[in-house]
Every structure is written in C-alpha cells, then in structure tokens.
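Here is the structure we will look at.
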Amino acid sequence: MSSVRKFLTATLFEYETQKVIAISSYKIGLIYRGIQLLIVTYVVGWVMLREKGYQSFDTVVSGVTTKLKAVRMSSVRKFLTATLFEYETQKVIAISSYKIGLIYRGIQLLIVTYVVGWVMLREKGYQSFDTVVSGVTTKLKGLEYTNYTNIPSIGDRIWDVADWAVPPQMNSAFFVTTNVVITKNQSQTTCEEDKDNRWHASCKSDADCQKGHVHMLGWGVKTGRCVLMTHVKNFTVLIKNSVEFPKFGVKRRNILTKMTNRYLKTCNYRPNHPEDRYCPIFKLGDIIKYGQAISEKAAKQIWITGGMVAIDIHWECNFDYDEEHCKPEYKFRNLEDGKVGQGWNFRHAYHYVEDGIHKRTLVKAFGIQFFISVTGRGGKFDILNFTMNLGSGLALLTLATVLCDIIVLNIMRKRKKYRQAKIDKVKRKEIERAKTIRESDRGGRRRGKRNRLGGATESAPGALGSTSFTGHLSTPNSASLAVSGADLSDISACGGGGSSGGNNGIPFADAPTSPT
C-alpha cells in the first residue's frame, strides 16, 4: 500500500507549476515592453492591415531569378549557435497536495472529455463538411365527392387534383384545398352599394360618385353555400428530393435504391417503421398528425380555416461509411402562431359565356399551404481538420495550470509559501552590485590580455612587474571575482587602500611575494 500511495501522490495528487523570476530593472522593463509593443505593432499594422492577414489569397505562377551574396562564415556560425544549437527549458516546481492535485487532474479530465466527447465524436471534428444542394418536386393524388342535391346551384360533384390543387405547381411548396365557398352564375351589372357601408355608399350628388373608382371594401352578393371536404386527410403527396454534395461528388435521392415500383404503390410514411420511415409518399392527415406544435384542437381547426405547415427534410451523411447509409429524415411543423389572423384562403374564378353574357363561378378556397425545406451536410475524414481541432483542444489544457496557479497563489492557506517558492524577486541593488562585479572582471581580463600581448614591462613602484599570477578575491557577498594578470596597485585598491608592499594588500595563496 505504501508503494501505491507513493505512486498516487506522485501522479494524481501532485501539481507542477512554472517558476517565475521577477527582475526589477528599468532597462529590462523598457526593453521587454518595447519588444512587446513592436510585436503587437507588427501583427496589427503589418500582418493584419498592410498584408491583409484577415483575407484568403491565391498565388501566381512565376519565374524567379536569384542573386546570392557572400556571408562571412563567422556570422553564420554565430547565427546558427544562437538559433539552432541553443535549448531553453523552464524550471518546474512540484507541489504535493491532495486538494491541488485533484483539482488539477479534474480540470484536465473535463477538458479531455470535452475535446474527445464533444468536439471529436459529437461534432465530428475529425471531418471536413459540405452543405447540400437540393431540388424538390411534388405530385398530389386524391378524389373527393360532395353531395349537395338540395342546392341545385351546387349539386353533387367529384373533386380531383385539378380542382383542389391550385395552383398545380409551386416552388418547393404546394397548396391543398380543404374548404370552399362557391358563388355561381355571377355576371357583371349595375346595382346599389350596400347602405351600411357608409364610408363608400354615401352619395349626395353625381360628383360624389366618381366614375371608374373601385371600392376595395365594397360588398358582393354570396349566393352559394360552404362546401367542406371531409376526405382531404386521405389525399397523398409524393415528394421527390434529389441532393448533391459537390465537394465529395456524391448524389442521393429520397427514393432509395432498394425501393421498387411495387413498394412505392403501397407504402405510406410511418415514422416508427424501420422501412416506411423513408417512404416518400405522405398522407396529408399523417403530416398534421405527426407535426410538432400541432395540438388536437389546432388540427381540427386547420381543416376548416386552413393554415401553414412546414415539411423539413434533413440529410446527415457520414461518407466514411457506405453512401447507402446516407438517408433523409422528415419532420413536420405548424408555422402559425397566435389567435389573430389564423388560416389561409384565396379566391379564384372560372369564367364562361352564357346567352351572350360573360359569367363566372367564384371560388373562395380555404386550405393548407405546405412549405418544403431541405437542409443537410456531409462529412468525410480530413487530416487537416483532425490535427487542427486536436491541437486546439490540447491547448486548452493550459487552462488547468492557469486556474491552479490562481488557487495556489491567492486562495490556499499556504499561499505565501507557494508564492515565495514560485517567484524570485531580484532587487535593484543586487543588479547594480552584479553589474559592478562584472565590469571589474571585464577590466581585469582586458589588462591581462594587454600584458600578455606586450610581453615583459618595467614594474611600477609597488607592482609585480612582468610576473603573471591568478587568484580570487572574496567579497562580503560571497561573489567570487577572478583576476588574471593584474598589478598589485589595483589589488590594493580593491582591498580597501594600502601600499603595494607589506601586509596592507590582499594576499593570494598562489601569488609570489613582492620583493622588499
């Protein structure tokens, strides 16, 4: 159990974060912010605005000549050393804490679940997609018989498609008459306007009755009777839908390959049947029955006053499998909402001449307007989309580090201790002290180089002459200063002042003693 506990502590309950070194320096701060400003200016000004980085472009085919310029090998070597042969890594601080470890792994688990479950599987982030291009035609069938023998002007009559499908063809839609009001034997003559229509019937002189003016709100004479078609629910419509996915070169029809002429003559759409759910022949009553947002009361009313119904055909295809698995889905919706202005009706007339008099039969048709819409998309595996979505998802894992850093540095009880371990602050005095030591070291190396190049020289009073030595000067701050080839006058100055001879200078173990 101790081994298991150590393993879990080292893997599940350990949080790793990056250590940050904060340097308080005006120069470094200005340089850092200046570089950031240059990068932002380059991205916004040059990449986005000057080069129009928000647009896509096409390239030209061209011939190119080149001119080479000699480059010093030393410059190339320095460039390669500074870019290719240099590796930078970050320092990691491991915090052993059950709370932080569980939070950290929990956030990582949520992100991985989102990327794999939602982005990759649910939204198929590994595929490229194409939208559907569609065409729709409809063909209606049905007969209706009405018997009004007690009304000689109507009598008994058979209604076929030419009578109740007006107009016969529409663009991605069709109309079915469910109720009509017929006014027969209308002829054009002169009569009085209805006196109840006071705004248009009021007339005191001929000047008030303008010749040729049409009153849109005037009344007509209705001599007919309402005719309700009760068998419209059994009328059928054949919907032919052909779609194409141009990107993948795939064409499909809602009349599937396995469907035969015999099957199409007998099938009707049934949403819960394994085969008939794809049948393209629909009863109008079933469309209303299976429609969404169509209550029983609304279904009864729609056959009398008419209405608007949508037929949605959706294609969701995965072309990583056989094309035969690409099949349509049908849904129906009631498009009307509210209580005012419900229904759908229009008027059309049949004209004829009887005894030299032009007459007509006016039909006010109530019915259902069916609108057909086709949507869909097809997908296929694409390595570019897969790598882009996977990389974007894995980049979200950095959120776990950011959130845990906020908790560790601001909420946890030991946040001060964690902050001290994570952040190293460098004070300005330490920077200036290191700068002084570095300049002293650089000056000593330059003087030693001049002595080696110039050979033996006469010694100044109290100096070492041509004798070369190497030693280390220990400072109170435990910083070591290497000195090579320096004279004793400089060493005496570093030691706090004193003559070059005697014991006032700083002795070196490996340096020769000055002559007395």
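Cβ atoms are placed via backbone N, Cα and C, with glycine included.
Counting every protein chain shown, 18 other Cβ atoms lie within 10 Å of the Cβ of L140 (ATP binding site). Summarising the annotation, TrEMBL assigns ATP binding site to K139, L140, K141, T236, N345, F346, R347, K364.
Residues annotated as disulfide bond in TrEMBL: C203-C226 (among others).
Residues or ranges marked as N-linked glycosylation site by TrEMBL: N234.
Within 10 Å of the C-beta atom of C267 (disulfide bond) sit 16 other C-beta atoms, taking all shown protein chains into account. The disulfide bond annotation in TrEMBL covers C267-C279 (among others).
If you look up TrEMBL, you'll see C317-C326 (among others) marked as disulfide bond. A sphere of 10 angstroms centred on the C-beta of C317 (disulfide bond) encloses 24 other C-beta atoms.
Residues or ranges marked as compositional bias 'Basic and acidic residues' by TrEMBL: 434-443.
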Margin query: If you count CB neighbours within 10 Å, which one among the binding-site residues K139, K141, R347 has the smallest count?
Written below: R347
Item checked: the compositional bias 'Basic and acidic residues' (434-443), counted residue by residue under DSSP: helix, strand, coil -> 10 helix, 0 strand, 0 coil
Checklist line | Candidate nearest F346 (ATP binding site) in space, where candidates are the recorded positions N234, C267, C279, C317 and distance is Cα-Cα | finding: N234
Next item on the list: Count the other Cβ atoms sitting within 10 Å of the Cβ of N345 (ATP binding site), across every protein chain shown.
Entry: 15
Notebook entry, point to check: CA-CA, which of the binding-site residues T236, N345, R347 lies nearest C317 (disulfide bond)?
Noted result: T236
Notebook entry, point to check: Among all the protein chains here, how many other CB atoms are within 10 A of the CB of K364 (ATP binding site)?
Noted result: 17
